[in-house]
Amino acid sequence: MKAIQGALIVSSSIQIILGYSQLWGIFSRFFSPVGMTPVVALLGFGLFERGFPVVGRCVEIGLPMLILFVVLSQYLKNIQIKEIPILERFSLFICVALVWAYAQILTSGGAYKNSAEVTQNNCRTDRANLISSAPWIKIPYPLQWGAPTFNAGQSFGIVSAVLVSLVESTASYKAAARLASATPPPAHILSRGIGWQGIGILLDGLFGTGTGSTVSVENVGLLGSTRIGSRRVIQISAGFMIFFSMLGKFGALFASIPFTIFAAVYCVLFGLVAAVGLSFLQFTNMNSMRNLFIVGVSIFLGLSVPEYFFRYTMAAHRGPAHTKAGWFNDYINTIFSSPPTVGLMVAVFLDNTLEVKQAGMDRGMPWWQRFRTFKGDSRNEEFYRLPFNLNRFFPPA
């Protein structure tokens with residue numbers, strides 16, 4: 001844990017520097033609707049293994065959850081109580097509560113008493129005695145595992161994960177803006193978001209969380225499902241997370257929800273995010289063979305290359321990159337195991353080297369270019385200003 005803390009603290013500087021120096025915003029000038037389509041689409045498609053393959057581990061719970069969520073959130077979404085679309089807004093909460101109770105009935109009734117261990121791990125609600133072993137109150141504090149240790153090799157390994165998080169978060173920002181009917185994030189806003197995320201990783205290292213912070217792809221999909229894009233919801237949710245992190249019993253209670261339930265939800269939410277990526281094509285000319293080539297090759301390689309790295313690792317118990325430099329191995333194996341990252345490298349390279357001068361209109365740049373600056377659209381002030389008048393300290397570019 002001390003080594004992980006140190007590696008997180010060091011690697012957080014990457015996002016802080018790239019964010020607050022505006023370097024990431026400057027690099028974003030190479031993005032276009034054609035280039036971002038594969039990246040955002042792969043953000044959803046690249047997580048397909050967390051969908052139905054996990055649902056299949058406990059079909060009697062996962063399949064009802066998937067069907068119920070689709071029915072309530074789509075077919076019955078127009079049902080209102082006092083002019084509030086209850087099922088559209090709260091379908092996920094209702095479905096999880098109902099199927100969780102159903103899973104508890106199956107567990108208490110002994111449905112899995114003689115089942116295989118893998119079935120019990122994916123279906124039971126009382127696995128590992130989570131609730132009984134968790135403390136009632138545990139308040140996290142900085143350096144709770146002791147003073148962090150710093151190792152160059154381990155830090156390089158986490159840096160690669162931070163760079164992957166950088167790409168995936170950028171794609172998530174683009175997808176969230178589309179689902180919230182907001183303007184595409186200007187370059188300054190992208191950099192600001194990455195900078196704040198770096199501060200989050202720094203706090204992760206100080207508090208010893210064991211993992212870094214990144215954008216939640218499922219929450220981006222949930223934004224599209226519920227049609228709720230209010231900042232106040234995020235602020236209240238963050239308060240609940242901080243509160244429950246200190247009450248061990250409550251955290252363990254939520255951790256007892258079979259992961260199959262979430263996998264069923266992922267089938268919908270990740271699909272929504274992938275579809276948002278494909279929706280960028282409406283701003284491009286898809287009669288152009290150039291654009292078809294870039295989008296097709298980027299999406300295919302974005303799925304194929306990480307799948308190769310995954311299968312190689314499962315068979316050989318190590319990544320394809322296997323040199324004497326452990327940090328280099330971690331770097332290569334992590335970078336090329338991320339579908340959005342591979343998609344970004346391929347798409348941005350091809351989009352900025354293949355017939356660039358002749359393809360400005362086909363790439364969708366006339367529509368895209370005016371959103372690069374904060375003052376390029378009057379609606380940016382509404383969508384991206386900081387709360388509590390903090391723009392005084394972080395003025396838009």
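Even glycines carry a Cβ here, placed using N, Cα and C.
Because the structure is a prediction, the values reported are computed rather than measured.
Outside the transmembrane segment (7-24), and at least 6 residues removed from its termini, the chain residues within Cβ reach (under 8 Å) are 148, 150-151, 154-155, 157-159, 161-163, 165-166, 170, 187-188, 190-199, 201-202, 204-206, 212, 397. Annotated transmembrane segment per TrEMBL: 7-24 (among others), in sequence order.
Summarising the annotation, TrEMBL assigns transmembrane segment to 30-47 (among others). Outside the transmembrane segment (30-47), and at least 6 residues removed from its termini, the chain residues within Cβ reach (under 8 Å) are 167-168, 170-172, 174-175, 217, 221, 266, 270-278, 280-281, 283-284, 291, 294-295, 298-299, 302-303, 306, 338-340, 342-344, 346-348, 351-352, 362-365, 367-368.
Annotated transmembrane segment per TrEMBL: 54-72 (among others), in sequence order.
As annotated by TrEMBL, transmembrane segment applies to 84-103 (among others).
Taken from TrEMBL, the feature transmembrane segment applies to 233-255 (among others). Proximity of distant same-chain residues to the transmembrane segment (233-255), defined by a Cβ-Cβ separation under 8 Å and at least 6 residues beyond the stretch ends, is recorded for 130-131, 133-140.
Distant neighbours of the transmembrane segment (261-280): 33-34, 36-45, 47-48, 50-55, 61-63, 65-66, 69-70, 73, 92, 95-96, 99-100, 103, 171-172, 175, 178-179, 217-218, 220-222, 224-225, 364; these residues of the same chain sit at least 6 beyond its ends, with a Cβ under 8 Å from one of its Cβ atoms. The transmembrane segment annotation in TrEMBL covers 261-280 (among others).
Per TrEMBL, transmembrane segment is recorded for 292-311 (among others).
Positions annotated as transmembrane segment by TrEMBL: 331-350 (among others).
Among residues of the same chain six or more beyond the transmembrane segment (84-103), those with a C-beta under 8 A of the stretch's C-beta atoms are 61, 64-65, 68-69, 72-73, 76-78, 123-125, 222, 225-228, 257-258, 261, 265.
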